Every structure is written in structure tokens, then in C-alpha cells.
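Novice: Mind looking over this structure? Questions follow.
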């Protein structure tokens, strides 16, 4: 069923929309402690169910034939919770603060043969359920399955009809809650809808759902209750500090920096000594029999083709660099509550809209510097470079979720809210940033003048071709994060709550550093071969890391995860492709600016000598 997303005073216009987006994004950041008095009702919300190994394939809990109220009332959710597939609704469980309950009847159901088959199919696919009590997720399996023997083969499927809720409290607040089926026998679901232990009516199965509630006092304060949830292990625990992979990455960065700073600078020193032997060392002189990167000084700053697309890539890459840094910094400041797992989604949407001005400014400013004329088209291309692929991918993924009835399909109100955030905030900020960038753009500041007639580029050996540089420039940054990438995937496509944001910041800095170093080295090798087509080559060299990340996602899906099915596969590969695209934009931007700074340095030094 469609969840309603409420926001007081929401109007599809101007400030109201912006204010609502900001509120929806910021609300999950806070973890207010709810105070209870003995006997006060503690609301238990049912949320979703889904296959244990498919985290993104989730359905509303009430799609199963279970106990439900006559009128289903949903909880108002934040934007991040809706995007995460949450659809919380009030349940029939009657829980009171500090009051124990033993074997209380929840409801009595008579299931048809079709409903029994539906439950049996869910149990065989290892369906789990998620409840929420005081913002604490509670997980458990819908039923029990046992496979034993070969000849004869035994296949038993049972439904858990009794749940024991264990709730921990400290003073007047709830600290932790979980559900247990210890010492409980499942209700067998035999083929054909029959059962034992209860009456069978008209080929159906009559079952009684019961529950118990037990309260336990805890010494853990409410401010630290997130630690209790992190220690809980319903889902497999895989995240921990991996010092070996981090040290390996740091060693790689040190070696690369040593290569660029020591070896490359020694080579440049010899180049400067050789090129500046002549008394007239002006950078604007015609070449005089030299070879190497000096001879192309009148072509190296020749503006590339597809200038608008290049600037759009640099602008959107700068936007995602700002966005990623902002998310990590907010996480380090403790703004994401582990109990509000939709907080990062909300923050990412708000930051994406607000940082659109960065993409517009960087793109249009550089486009004006390299003498681009169609600046309006440049702004449109910048705004659509990522949003268009995102919209297309989301349309396909959301359609599959809608067709399957998954809660990951966004309600119409949420779609309108996101569309309004882009139309009323993201796109206007891109235009404003582009106008400011155009007006503040200065000259390109090329140390050398460019001749009208381009120089002929000599035949290049195979190891200086674009494909080889992309393979080298993409593999080395990928190797620096390959070990940690598994745990990032386990977080993004699993149910872990990533809390090692300091380590994540370190890995992110390592990735950017390696990309910049490799780009400078490959650019020098390119120029040494008298090839001045470095503009797009610098973007593609380390931007190809996204290709390696997508290939790794294929490996992860088939070898490191148990995900399966159309719904999960479409979402995994669709958003993995978008993730690889984002990494390509970010690393391509970093490598381009590193190469440009390096080229300006060597030609400026040559001219001044």
C-alpha cells in the first residue's frame, strides 16, 4: 500500500517546496529520546518483508496473510525512509512500557489454500520481516524450513505463530528490542494447505498468532543505544577496520608520490637543462630541431573538440566531489543516526540539489575561458549530464518494483517532491552558478601562444594509445580501493550500518591522490611523444576507474553475494552502472585539473628560464 508522506504546508511553489525538502532532509539527523511512564503504550510498527539475500526486494508486511487491523494506518515517514523502502503501519501488538506479557493472543486466522501456498513460498525464499519500535528495527524470519536426507528426501516448512519480544530499557527510554522464537515450535505448512494441531476448515488452515513481551533493565544510556544495535547480528557481520588494506593503499600512494615527485622531477630537470641551453629560450620560438614536449609548446594549449561536453563533465565531477566530501564530513560530525537509516538518502538529495550551483559555475566558467560561445547550451548539458541517466535508470528500476508490488517503488507524492526539488532548486541553481561563472571567468592563462596551424602528430607506439592509458590509469586507482570496495558494497547492497567514516575519508583521499599522480605521469609520457591531445586523454585515463568498478560489481553479484531475481538484479546493475559513472566523473575531473596544473608548471618554468 502507498505510504503517505506528510509535510505541513507543502505547496508546489517556491520557498515552501525548498523549505519542505530541507526539513525532510534534516529531520532524520536528530535522535530525540522518547520518554515513557510505566504502563504507557509503546507503538510497534510493522514495516516490510522480503528475501533475506535480496536487500532491495522488499514488500509491505501486510501483503502476507497475517494479523492486521481493520483499518491500516500508516506512519508519516521522512523522505529518506520512503526512498529506503520503508512503509510503516500500526500493528495489533499491544505493548506497554515495563509491563510483561505472556502468551497473549494476537488474532486467529483461517487461511485458504492459496494463502497457505503464499506463506509457504515466502518461507522457502527465506523471507524475513522488519518491525520498528521506538525507531529500533526488529528483524526475524517469517517461518522455518528444513531440508534433510537424499533418499528419502525430507522437506519441512513451518510458520512461526508465536513471537517473544525482548525489550531493554534504561529509566524512561527504550534502549533495544529484538524478537526470539527460542523454544517455540513452528506451525507446519504441509502441501495442499493442510496442517496439524489446529482445525482445518474447507481445505484451509486455522492458526492462532500469539506473542509475549519481556522487559529487561539496561545500564546503557539512550545516547549510546546505537552501539547496542551495531552489536546485534541478525544479518551477517562483515564490516570492521581493515588495517592491512589501508596500509597497502597508503604504501601505494607513497610509491606513486615518490615516482611523480622524485623520478619525474629529475627527468624534468634534465629536460629544462637541455631545452634552455640556447640563449634565446623564449617559449614562443619555433621549434629548432628539438624533440620531446618542448617542440609542441605552440599546440599543447590548443582547445579540444567537444568543449561543451568536456566542461559539463568537469562541472558535474566537481559537484560530486563536493557532495561526497560533504556527506563524509556530516557523517564524521555524527549527523547520521544509525536508527534513522534514511538520513543519508535525505542528505544526499538535499546536497545534490544545493551543490548544483557548483556544477554550473565550474562548467560555464571554464567553458568561457576556452572561448566557448554557446553557454546556454552548456548549462543545459551540464544539468542533464547526470540527471538524465539517473531519471532513465530510476524509471526502469521503479517500473520493475511497481510491477512486482515492492515497497521500493516510490509513491506519486514522493516522485512529485523529488521532481519539484530538481525543477525548483537544482536546475535554477545550475543556471545561477553558470551565469556567475560566465561573468567571473577570466582568461585561460596559457604560458605559450598557440599557432593557427596544428602540428602533425607522429606515429605513436602501442603503449601510448588511449586504451592502454585507460587500462593503466583505471587499474591503479581501483587497486588502491579494491579491498575496501567489498565492504562498501556490503554496506550499499546489504544491511550493514557503515560507521567507519574516518576510514572512508582516508580511502577517498587515497583514491583521489592516486588518480592525480597517475594522470600527471601519463600526461608527461604523452607529451614526450609529441602528442598534444591531452585534454580528453587526461579525463579518460583515470576516469576509466569507473569501468573497473562496474566489472567488480559483476564479480560481487555472482561470487560474493546471494542476490537473485529480476527485481534485485535490475536495481543492482542499474544503480551500479550509475555509481561507476559518478566515479568516472569525479576521477576524470581530478585527473584533468592535475594534468592542467602540471602542464602549466612545466611550460611556465621553461619560459621563465
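Cβ atoms here come from the backbone N, Cα and C positions, even for glycine.
Bear in mind that the values here come from a model prediction, so they are computed numbers and not experimental data.
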Novice: When you get a sec, could you say which of 281-308, 309-336 is annotated transmembrane segment by TrEMBL?
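Specialist: The range carrying the transmembrane segment annotation in TrEMBL is 309-336.
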Novice: Can you see whether the transmembrane segment (342-363) and the transmembrane segment (409-436) are touching - at least 3 CB pairs under 8 angstroms, only pairs 6 or more apart in sequence?
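Specialist: Yes, the transmembrane segment (342-363) contacts the transmembrane segment (409-436).
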Novice: Does the transmembrane segment (309-336) come close to the transmembrane segment (467-489), meaning at least 3 CB pairs under 8 Å for residues 6 or more apart?
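Specialist: Touching, no - the transmembrane segment (467-489) and the transmembrane segment (309-336) miss the threshold of 3 or more Cβ pairs under 8 Å.
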Novice: Hey, which bits of the same chain come close to the transmembrane segment (309-336), Cβ under 8 Å, at least six residues off its ends?
Specialist: 28-29, 343-344, 347-348, 351-352, 355-356, 358-364, 366-367, 370, 372, 378, 381-382, 385-386, 501-502, 504-505, 508, 512, 535-536, 539, 582, 585-590, 592-593
Novice: With pairs closer than 6 in sequence left out, are the transmembrane segment (375-397) and the transmembrane segment (409-436) joined by 3 or more CB pairs under 8 Å?
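Specialist: Contact between the transmembrane segment (409-436) and the transmembrane segment (375-397): present.
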Novice: For the transmembrane segment (534-557), which recorded stretch in the set 375-397, 501-527, 577-603 gives the largest number of Cβ pairs separated by under 8 Å?
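Specialist: Between the candidates 375-397, 501-527, 577-603, the best contact partner of the transmembrane segment (534-557) is 577-603.
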Novice: Under 8 Å for C-beta pairs, could you tell me which stretch among 375-397, 501-527, 577-603 has the largest tally with the transmembrane segment (243-265)?
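Specialist: Comparing 375-397, 501-527, 577-603: 501-527 has the most Cβ pairs near the transmembrane segment (243-265).
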Novice: So are the transmembrane segment (501-527) and the transmembrane segment (375-397) touching or not, going by 3+ C-beta pairs under 8 A with a sequence gap of 6 or more?
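Specialist: Contact between the transmembrane segment (501-527) and the transmembrane segment (375-397): absent.
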Novice: Taking residues 6+ outside the transmembrane segment (577-603), which of them lie with a CB under 8 Å of any CB in it?
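Specialist: Contacts with the transmembrane segment (577-603): 268, 271, 283, 293, 297, 300-301, 313-314, 316-318, 320-321, 324, 386, 389-390, 393, 445-448, 473, 477, 492, 511-512, 515-520, 523-524, 527, 534-535, 538-547, 549-550, 553.
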